[in-house]
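Here is what Swiss-Prot records for this protein:
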COILED    109-138  coiled coil
COILED    205-239  coiled coil
COILED    284-324  coiled coil
COILED    348-382  coiled coil
COILED    469-490  coiled coil
COILED    574-604  coiled coil
COILED    648-670  coiled coil
COMPBIAS  105-147  compositional bias 'Acidic residues'
COMPBIAS  148-162  compositional bias 'Basic and acidic residues'
COMPBIAS  180-190  compositional bias 'Polar residues'
COMPBIAS  193-202  compositional bias 'Basic and acidic residues'
COMPBIAS  216-226  compositional bias 'Basic and acidic residues'
COMPBIAS  227-247  compositional bias 'Acidic residues'
COMPBIAS  253-264  compositional bias 'Basic residues'
COMPBIAS  280-290  compositional bias 'Basic and acidic residues'
COMPBIAS  291-318  compositional bias 'Acidic residues'
COMPBIAS  319-329  compositional bias 'Basic and acidic residues'
COMPBIAS  351-364  compositional bias 'Basic and acidic residues'
COMPBIAS  558-575  compositional bias 'Basic and acidic residues'
COMPBIAS  576-598  compositional bias 'Basic residues'
COMPBIAS  672-681  compositional bias 'Basic and acidic residues'
CROSSLNK  350  SUMO2 cross-link
CROSSLNK  382  SUMO2 cross-link
CROSSLNK  394  SUMO2 cross-link
CROSSLNK  555  SUMO2 cross-link
CROSSLNK  632  SUMO2 cross-link
CROSSLNK  649  SUMO2 cross-link
MOD_RES   61  phosphoserine
MOD_RES   120  phosphoserine
MOD_RES   139  phosphoserine
MOD_RES   163  phosphoserine
MOD_RES   167  phosphoserine
MOD_RES   171  phosphoserine
MOD_RES   242  phosphoserine
MOD_RES   275  phosphoserine
MOD_RES   289  phosphoserine
MOD_RES   609  N6-acetyllysine
């Protein structure tokens, strides 16, 4: 008892843990590390528990315990697979053995007894039917083959054994679905009407089916004879009102007449197999085949024209073909009568609308559709590649990296190597070998001493010079005098050397292909406005230096920069111009004031026009006459409402007092000062 209690407790504990975890499934939306560790420990418990209870027959994993420590999820899964794969194989083999054993049943004993009773009743009924059949066969066949009855009886008994009766309750207990389907098929066959078996019957041929088929053919021939008798009464010389009457006449013939051997199909020999997929496929084909309907309509028109001239038999065959085509086009749905009539009405309306349209109308429809699609393409927003000049702000980010760009390289292209060029080169080389002209290109070497080497020789010494300033000047003076004495040469020789150098330079420029221009003379002299190209390039003497100058060298750049139009000016440029105008205005006012003061000093009569006294007198005269009026400050006597106004007024008064006091002090000082010129003798 103790081990059983222990087993039950371990399983109950595992179930409670799993129940707690699955009780709140919303927790699994986030990562639950605690639950994960708990589940791994549960798997270990169950694995170890299973290993303890294993029999000797079941050989699972060789590991007696599941190892979890320092193992990741994949390694734990691999340990479980080692255990599960052989056990699953063992159970599959065991189940297949039990299924093959017919004596084993999953039903309870009470139901088995009921099934046996039902089976015995069915066997009794079937025995009676078999006896009746045997008597009929004996009466029909005589003593030809007495063993056939016994064979039939044995086969029926074996069928009854194989087909036990199943109830609705049994379906919940039996799990072999394929076996159930086979047994139900056998039952259905047994329930059908038993047919008479003959000696000729085998797996493919049955005499009873052939007799039934012949009887059906005889009945159809009798119907044909009746129809022929009715057709003899029809007057073929009677006038026909319209095509509809003709169609109705021949339609009756089609319905009554049988099909020819050329038009027989699978459904004429075997029962039709109906399925929803076939119906939907036919419906889709009908809706998607407008062009095919037009072609079929044209073929029908041709057939009608041919049928008027052909004989009656040919006409009947053409009508049968048309009937077959129409039957293919028809779609039948398992709907009630009202719904069926509505659907057929809608389909007929669509067909009629399609049939009414002429070829010109169809062409116009296609053309209109094409025009609409082209207009839509033209009106839609074009991609940035087709919008002309596009800046980086207008196109999407990193879109230029996906494009292959074509741009020109300003580089001289290498000559194309052809047969002609190679032959020319070979001829030149051969000719030089014949002439023994081995004068290879002279190797040019860079001069060891740079032209501006003197710049490198100047060393900067950060230490304070120990020499005095007088000593430094003395040394510089001595160096200059020594150089002058050392460099004294014959002036005629110097002149001849200069002339020869200039001549050889011009001759080299004209004759030598690999000409190196004369390097610049190292002079500590800044030459302004000298074109840089003169010393690096050999140009003809007739060309002036002005043609080689850059635009900036011809005309100096404005300090403010390039001249801009009003549209090109920025906010800073506009502000700069405004400040400049204000400054000029201020300067004009200052100059005007200076001129006025000079006039006052020089001549009082001329300056009287602009003096303050004259202006004040004129104002008084104007006020007396009434032409002008003074604007008085009437707000002085009024009381101040705010503290800010009071303190501002007080501050102004104090400033005025301070300024008056300073002026008086300056006047006193001026009076006290005595000039030196007055004290001169």
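Positions of Cβ are set from backbone N, Cα and C atoms, glycine also.
The structure, with features from Swiss-Prot marked on it.
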{"residue": "61", "record": "phosphoserine", "contacts (Cβ under 8 Å, 6+ apart)": "79, 82, 83, 86"}
{"residue": "382", "record": "SUMO2 cross-link", "contacts (Cβ under 8 Å, 6+ apart)": "none"}
{"residue": "394", "record": "SUMO2 cross-link", "contacts (Cβ under 8 Å, 6+ apart)": "384, 387"}
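Residues in the compositional bias 'Basic residues' (576-598) partition by DSSP class (helix H, G, I; strand E, B; coil) as 23 helix, 0 strand, 0 coil. Residue counts for the compositional bias 'Basic and acidic residues' (216-226) under DSSP, helix first, then strand, then coil, are 11 helix, 0 strand, 0 coil.
DSSP assigns residue 649 (SUMO2 cross-link) to a helix.
For the recorded site, residue 382 (SUMO2 cross-link), the DSSP three-state label reads coil. For residue 649 (SUMO2 cross-link), the number of other Cβ atoms no farther than 10 Å from its own Cβ, over all displayed protein chains, is 12. The DSSP breakdown of the compositional bias 'Basic and acidic residues' (558-575), given as helix, strand and coil counts, is 5 helix, 0 strand, 13 coil.
Residues belonging to the coiled coil (648-670) score a mean pLDDT of 83 in the model.
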